[in-house]
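One structure, pasted below without further comment.
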Amino acid sequence: MNVEEMKKAVAKEALNLIEDEMVIGLGTGSTTAYFIRYLGKLIMEGELEEVYGVPTSYQARLLALEAGVPVVSLDEVDAIDIAVDGADEVDPQMNLIKGRGAALTMEKIIEYRAGMFVVLVDETKLVEWLGQKMPVPIEVIPVAWRAIAEEIEVFNATAELRMAEKKDGPVVTDNGNFILDAKFHRIEDPLDLEIELNNIPGVVENGIFADIADLVLVGTKDGVKRMER
Ligand SMILES: O=C[C@H](O)[C@H](O)[C@H](O)COP(=O)(O)O
């Protein structure tokens, strides 16, 4: 089973958690894209009714509209039953790094609010400790990026402004902000660092998602494995 097949397998497994009349937080990225497409197919075939998606990004919104998933915004719903999203790293305690796709702020808002947060990853995302492979994306107020990057050096980390590939200049998030990618040597206490980073003036949100995932579905060569809190 290759990585794409692992992503499809966990996306299909997540569908077993979806019921009629659910409000679903729709994550961002390539793994959740499979979930959104499969969800839309079930809705279009009448297998699921009265299901609504709350997108975490423009990417999720466009995918949902294309797939036939009815879309509502966060301020239109009283509650979110379940949120389904990918991750860039998962440690043994189910702490996450997210934000490679610059969607971390709305993702955390929606996933924090959801009754259940389900993470979909392939086995390459598993790490022994957070920060082992990926930097921590940090969404910042644009004009403050340099001041914050200097602040982050205090944490014995280096922060780089994320530059766009198909646009001149920096990546601009769905919320109109910049992203710093902060490389830490080893994150010993994810929850503590998540709180400390958000205390830096000008930081909007950071990509450490500590103690928030309820279930992680891991696509492996031997099938889908589950990590549960
Ligand atoms: O900002 C992007 C999100 O945090 C994604 O959920 C994360 O980067 C995982 O994306 P993918 O499933 O494409 O690896």
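Glycine is no exception: its Cβ is also placed from the backbone N, Cα and C atoms.
Just so you know, TrEMBL annotations never went through curation; they're auto-generated.
Feature list, courtesy of TrEMBL:
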BINDING   Thr28, Gly29, Ser30, Thr31, Asp85, Gly86, Ala87, Asp88, Lys98, Gly99, Arg100, Gly101, Lys125  substrate binding site
ACT_SITE  Glu107  active site, proton acceptor
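Are these features on the surface or tucked inside, and what touches them?
Residues within less than 8 Å, Cβ to Cβ, of Ala87 (substrate binding site) and separated from it by at least 6 positions along the same chain comprise Leu96, Ile97, Lys98, Val119, Leu120, Val121, Lys125, Phe209, Ala213, Val216. A coil conformation is recorded for Ala87 (substrate binding site) in the three-state DSSP classification, outside any helix or strand.
In the three-state DSSP reading, Glu107 (active site, proton acceptor) counts as helix.
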Nearest to Glu107 (active site, proton acceptor) in three-dimensional space, by Cα, is which of the binding-site residues Thr28, Ser30, Arg100?
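Comparing Cα positions, the closest of these binding-site residues turns out to be Thr28.
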Which of the three DSSP states, helix, strand or coil, fits Ser30 (substrate binding site)?
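Reduced to three states, the DSSP call for Ser30 (substrate binding site) is helix.
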Relative to the Cβ position of Asp85 (substrate binding site), how many further Cβ atoms are located within 10 Å?
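There are 30 such Cβ atoms around Asp85 (substrate binding site).
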Quick check on the binding-site residues: of Thr28, Ser30, whose CB has the lowest count of neighbouring CB atoms inside 10 Å?
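So among Thr28, Ser30, the binding-site residues given, the one with the fewest Cβ atoms within 10 Å is Ser30.
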As a test of the contact definition, list every same-chain residue at least 6 positions from Arg100 (substrate binding site) whose Cβ is closer than 8 Å to its Cβ.
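Expected: Gly29, Asp88, Met134, Pro137.
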